Each structure stands twice: as C-alpha cells, then as structure tokens.
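Data block below; observations after.
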Amino acid sequence: MRIGQGYDAHRLVAGRPLVLGGVTIPHDRGLEAHSDGDVLIHALCDALLGAAGLGDIGHHFPDSSSEYEAIDSRILLRRVRELLKETALLPENVDATIIAQAPKLAPYIDTMRIRIASDLHIDAVRVNIKATTTEGMGFAGRGEGIAATAVVLLRETGDR
C-alpha cells in the first residue's frame with residue numbers, strides 16, 4: 001500500500017467556466033489555468049503520482065506544452081491511471097477537499113464522485129469529496145481563488 005497527497009489552487013477570473021471534479025458549475029467566474037483549471041482533479045493527479053513515486057502533474061503534463069492547453073483535466077486523470085497501471089498500482093480510495101467561499105458545491109459533489117470513480121475504474125463509494133470555506137479568511141475566503149487537497153491510497157496489483 002502507498003499513500004499520496006496533493007494540493008492545487010488557482011485564481012478565479014471572469015470569462016472562464018468553473019470546472020471542479022469534472023463538473024461544470026454555474027458561476028460568474030472560472031479558474032485561470034493553462035488547462036481547464038480543475039483544481040480538484042489536479043490535486044488528485046498529484047496525489048496519485050506522488051504515491052507511485054512518479055513526480056507531479058507538471059512533470060507529466062507541462063503547462064509550457066500546447067498539447068495541454070485548455071485540456072479537460074479528466075483526460076489527464078485517465079492518463080495518470082494508465083501510468084499507475086503500468087507500475088502495477090491501482091487506487092484503493094480517494095479523499096479530497098475543495099476550499100471555496102462560493103459557489104455552494106454540495107449539489108455537485110455526487111456527480112464529481114461518480115465521474116472521478118469512473119475515470120479511476122473504482123466504485124464511487126471509494127471516492128469521498130468534501131467542500132469547505134475558510135470563513136472569509138485568505139485568498140479562498142475573499143473569493144479570489146479556489147483550492148483543493150487530495151489524499152489517496154494505492155494498492156499493488158502484482159501484475160508487473
């Protein structure tokens with residue numbers, strides 16, 4: 001068994017869709033990024049890669065490459081799963097937290113869980129996603145950006 005943790009944060013800007021956990025959420029601003037800016041999936045990718053000893057998302061999908069410009073982060077997550085499979089590791093479970101003052105995310109959490117579970121080829125009960133605020137403190141509390149953390153447990157498959 002291996003454990004990994006990840007973190008990501010992006011600034012909220014006008015003129016972009018807000019995508020979290022593979023779900024487009026109605027909001028007046030979206031996350032500024034080279035890709036779609038999905039901080040939840042980016043944190044999850046970092047956690048998975050870290051647990052496998054495979055570096056981080058920036059190493060595998062650099063923001064200097066036009067190949068990843070505006071890319072759907074779910075594509076990156078599926079590629080990370082394939083990298084894990086090549087090293088005989090598969091996700092056992094995911095626990096993640098989105099830190100945002102707005103919008104309210106509760107109505108979208110179950111869809112996020114289902115999409116992430118599908119991309120990782122695991123049951124949705126093995127994916128937990130929470131949303132919290134910072135009570136108005138810091139960049140997230142002031143509504144300047146959104147952050148996410150993720151912790152994963154990987155199991156060895158013995159299929160090397």
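Including glycine, each Cβ sits where the backbone N, Cα and C put it.
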Identity of the divalent metal cation-site residue among H34, H42, H59 (reference: D8, H10, source: TrEMBL): H42
Local confidence of the prediction over the domain '2-C-methyl-D-erythritol 2,4-cyclodiphosphate synthase' (1-154), expressed as mean pLDDT: 97
Which same-chain residues, if any, lie at least 6 apart from I57 (4-CDP-2-C-methyl-D-erythritol 2-phosphate binding site) yet have Cβ under 8 Å of it: D8, H42, C45, D46, L49, L76, V80
Alpha-carbon spacing, F139 (4-CDP-2-C-methyl-D-erythritol 2-phosphate binding site) to H34 (site 'Transition state stabilizer'), which is rounded to whole Å: 20
Secondary-structure category, per DSSP, in which T134 (4-CDP-2-C-methyl-D-erythritol 2-phosphate binding site) falls: coil
Set of same-chain residues at least 6 away whose C-beta sits under 8 angstroms from T132 (4-CDP-2-C-methyl-D-erythritol 2-phosphate binding site): T97, I98, I99
Lowest local Cβ density (other Cβ within 10 Å) among recorded positions: H10, H34, H42: H34
